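Undergrad: Below are the features I grabbed from TrEMBL:
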- A:7-237: domain 'Phosphagen kinase C-terminal' (DOMAIN)
- A:10-14, A:HIS74, A:ARG108, A:159-163, A:190-195: ATP binding site (BINDING)
Amino acid sequence: MLNKESLVLRSRIRLARNVKTLFFPHRLSAEVARKLVDQVEDAFYVSRAMEEGYKTHRMWELGRTDLMVAFEKHLVSAKLINNSDIAAYIIDEKEDVSLMINEEDHIRLQVMGRDLDLEELYKKASKIDDLLSEKLDFAFDYNLGYITACPTNLGTAMRASVMLHLPGFTFTDKIGYVSQALAQMGMTIRGIYGEGSQAEGNIYQISNEVTLGMKEEDILYNLKDTIVKLLDEEQDHQRKLLNQYTLEMEDKIFRSMGTLMNARLMTSKEALYHLSLVRMGIETELLKDIDIRLIDGLIINTQPGMMKKAYGTELTEKERDINRAKIIRGIF
Amino acid sequence: MSMDSFFGSLFDMVENSNKEIDRCPKCKISFGDFQRSGLLGCSYCYEHFSKSLNPTIKRVQGGLTHTGKIPKSASQEVVSKRKIDELKLRLKDLITEEKFEEAAVVRDEIQELRKSLEEGESDAE
């Protein structure tokens, strides 16, 4: 069995900030909101390195496909897309840092990683926050901490989330129990594309729910500690499944491999299903010599928006399914 | 449960018959608007609606006191207040551990900070 961190697809720290003197985005006029984009840029692009490393995208200037791609790559949220007429995002070349402007709050700063080193991600986010606060006066209350449009984000205004592959919990029907246990500890579990989304491909996001009353470091420590324990359990479930239903599990995994290698038509849902099983095959070392990062790349790159971006919007659904199957066959 | 119905059911308990009339003097949203959308209109709303909001915040968050990061641009007052809060906790621990000499030093430090805070306030007046 591979190291348990192989079950982590990506991690993210998000900080919410609001400018003291302005109403929250949903109460701002388009004119003032768009001006705020300029102000954030002014506070952010303070050096040549920043100017070269980052780029601003004003969403009212982007096409529908570009918006979808940014969403599927987890660079922006669905809410930011809903606010397209006033929203913007600043992003670095590697797509590890994104600053969403005029989402639910004026600024949602996200730093993304690929492992459980949440402290390091937080440090990076906090440094950018410090830079912004040199020119922007953020709303802060001694008791309530950083002020946010929704009271569920007050305090640290920090949401840390980790995207995990949990086929063991899913196949043994124990996600409900995980969800209850997490809720008691001030954490929450959601599907792959955040609030309200389905857990397709057995991929889940776990994040802290409580933001007020605890220090950032303690929130991160608790989250990481819980996730490490959860991953130990996930590996136990995977082991048990393979021991108890050896032939059935092998059959499922190798069939998925066969489908991915040979299919001529593939919907995004079906792709996620088979990619998840193959990922499980790699995690349990039943399948060797396949790079797990290639599978994670396919999970993102075969989503509908990414397909439109690569092949143009005029493709029919069937043509997209043909191309999706072709991309996947190219990897295997 | 959606955010709307979550806040909706929580606030059913709040006895506030003026929730549509009473509006934030700055952004003009009513408490009813907040209940429907889950969003406040501006940072001043937290002050204006504090009576109705605080019990909810406490229930959702478990506490009402921020202990995390303070902005780099925070005033000296905020920085000192935080330092006093942290020292108070330390003082409590030291007394429990019967380390009275160290406790006395921390106590003096707190008093010193309080004094400078008060002086700062009277300067502002």
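Cβ atoms here come from the backbone N, Cα and C positions, even for glycine.
Help me see these features in their spatial surroundings.
TA: Over all protein chains present, the Cβ of A:ARG10 (ATP binding site) has 17 other Cβ atoms lying within 10 Å.
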Undergrad: Comparing the binding-site residues A:ARG108, A:ARG190, which residue's C-beta has the most other C-beta atoms within 10 angstroms in this structure?
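TA: Comparing the binding-site residues A:ARG108, A:ARG190, the most crowded Cβ belongs to A:ARG108.
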Undergrad: Give the number of CB atoms, excluding that of A:SER161 (ATP binding site) itself, located within 10 Å of its CB.
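TA: The answer is 24 other Cβ atoms.
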